[in-house]
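Here is what Swiss-Prot records for this protein:
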REGION    1-238  region 'Poxin-like'
ACT_SITE  HIS17  active site, proton donor
SITE      ARG60  site 'Substrate binding'
SITE      ILE105  site 'Substrate binding'
ACT_SITE  TYR138  active site, shared with catalytic histidine of dimeric partner
ACT_SITE  LYS142  active site, proton acceptor
SITE      ASN149  site 'Substrate binding'
SITE      GLN169  site 'Substrate binding'
SITE      ARG182  site 'Substrate binding'
SITE      ARG184  site 'Substrate binding'
SITE      LYS186  site 'Substrate binding'
REGION    239-505  region 'Schlafen-like'
Amino acid sequence: MAMFYAHAFGGYDENLHAFPGISSTVANDVRKYSVVSVYNNKYDIVKDKYMWCYSYVNKRYIGALLPMFECNEYLQIGDPIHDLEGNQISIVTYRHKNYYALSGIGYESLDLCLEGVGIHHHTLEAGNAVYGKVQHDYSTIKEKAKEMNSLSPGPIIDYHVWIGDCVCQVTAVDVHGKEIMRMRFKKGAVLPIPNLVKVKLGEENDTVNLSTSISALLNSGGGTIEVTSKEERVDYVLMKRLESIRHLWSVVYDHFDVVNGKERCYVHMHSSNQSPMLSTVKTNLYMKTMGACLQMDYMEALEYLSELKESGGRSPRPELPEFEYPDGVEDAGSIERLAEEFFSRSELQADEPVNFCNSINVKHTSVSAKQLRTRIRQQLPSILSSFANTDGGYLFIGVDNNTHKVVGFTVGQDYLKLVESDIEKYIKRLRVVHFCEKKEDIKYACRFIKVYKPGEETTSTYVCAIKVERCCCAVFADWPESWYMDTSGSMKKYSPDEWVSHIKF
């Protein structure tokens, strides 16, 4: 009976046949199959399109162009692959979106000793040519080759694998980037999306690393996390971590299976693609309530973004009507009007009472000069984006939240310029995802109002007043904490625009 061992699970054996992704007791020529079977489901091999797959094992690189089949169901590493007669011919190893490689004797291959050399993988963009370690348009590459021809060749230090839609190439370069060798395969291929991530528990930020890995794999079609731990009971430590972050999973249809081992555990991630949104740890979309600015969970974010998409954005908010407010009235409209008048003041008095409180459109806070820039960095993005996502509002820094009196903060002019620069910087970093045609920027105004004390003619005490208007579309305080696996095996974070583009409205 043929046996197959996945390299991803430590299955490399130098005494067995080795192919990209597997060691096996048999050497199957997988080029001869046109149909394969996985769990009694039949899948056609894709014609004239291949996957470049590779393993790093014992300082050895094993790479090859392999056949692939299309499957819309999630398959795990190690799942058996059979021919139509019921004979096992391979196991699941590599995946690119909905395509799975068939590991065994494939087409063009590359077997290297990695002692003293590196190897890098690239997607060859359509229309580009290659020289050594760079790709560009043909004329630029031609000039590059002429420039490098004058250099004497040196020993190879790096190999570069270029995978394109119509052709694949392997180049080797010396320390100066001079191309020493080139192989060209007239076959179109894709690179696999790595679907194995290693996490070690007991190290700093291990919970963050685990949640990031889960998000990245779920958003990339699934995969496996290999978990080790500094502690003896790796399975116990893992389950504690998973339980502590279970509330983060924004995709209820996604799930995982845990396979326990003595020294390591494997968490198999399965994404069914039934959820309307990506797996996300934090949306970084905030809304303002009466008492706080709250981060939207994924359902709130979906509802909010769906409304914006349906309406094509929001129109500017009309100006507040002018009218007098009876004593003691503290409705949202009167509070906002009083805040607007306070914002327009040219000067303030220390310990002056403020006749409005925090509301959905107003927030005031106090902070020492020493902590001012730190608090601005930590809190400004979420507060101002929450105003922009609601109906606009005012932030006053230097008003005591308990006594509702003006206290201000005392700083010099140079420091004040730094604070003003910080505020501008953090507002410009806010990301707006537009559903409208105008695509306007965030509108805001910032003032530093002098605070005078009785008997003092000059002052360097201020209240910082920031006014933010309602934004036409969705304002993100930062990029969503939602990741995916790229073809190099790195975890990348979705930009706000990318994240929204993946929502199934």
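Placed from the backbone N, Cα and C atoms, the Cβ positions cover glycine too.
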TODO: Work through the recorded sites one by one (ARG60, ASN149, ARG184, LYS186) and name whichever has its CA nearest to the CA of LYS142 (active site, proton acceptor).
DONE: ASN149
- [ ] Count the Cβ atoms, other than its own, that fall within 10 Å of the Cβ of LYS186 (site 'Substrate binding'), considering every protein chain shown.
- [x] 8
- [ ] Tally every other Cβ atom lying within 10 Å of the Cβ atom of ARG182 (site 'Substrate binding').
- [x] 14
Open item on the list: In the three-state scheme derived from DSSP, which category covers ARG60 (site 'Substrate binding')?
Closed with: strand
Task: Distance from ILE105 (site 'Substrate binding') back to GLN169 (site 'Substrate binding'), taken between C-alpha atoms, in Å - done: 19
- [ ] Pop the Cα-Cα gap between ARG60 (site 'Substrate binding') and ARG182 (site 'Substrate binding') into the table, whole Å please.
- [x] 20
- [ ] Using C-alpha positions only, work out which of the recorded sites ARG60, ILE105, ARG184, LYS186 is nearest to ASN149 (site 'Substrate binding').
- [x] ARG184
Task: For ARG184 (site 'Substrate binding'), nearby residues of its own chain (Cβ under 8 Å, 6 or more apart in sequence) - done: VAL167, CYS168, GLN169
- [ ] Using ILE105 (site 'Substrate binding') as the reference point, find which of the recorded positions HIS17, ARG60, TYR138, LYS186 has the shortest Cα-to-Cα distance to it.
- [x] HIS17
- [ ] Can you grab the distance from the residue listed as 'active site, shared with catalytic histidine of dimeric partner' over to the residue listed as 'active site, proton donor'? Cα atoms, rounded to a whole Å.
- [x] 40
Task: Separation of alpha carbons, the residue listed as 'active site, proton donor' and LYS186 (site 'Substrate binding') (Å) - done: 27
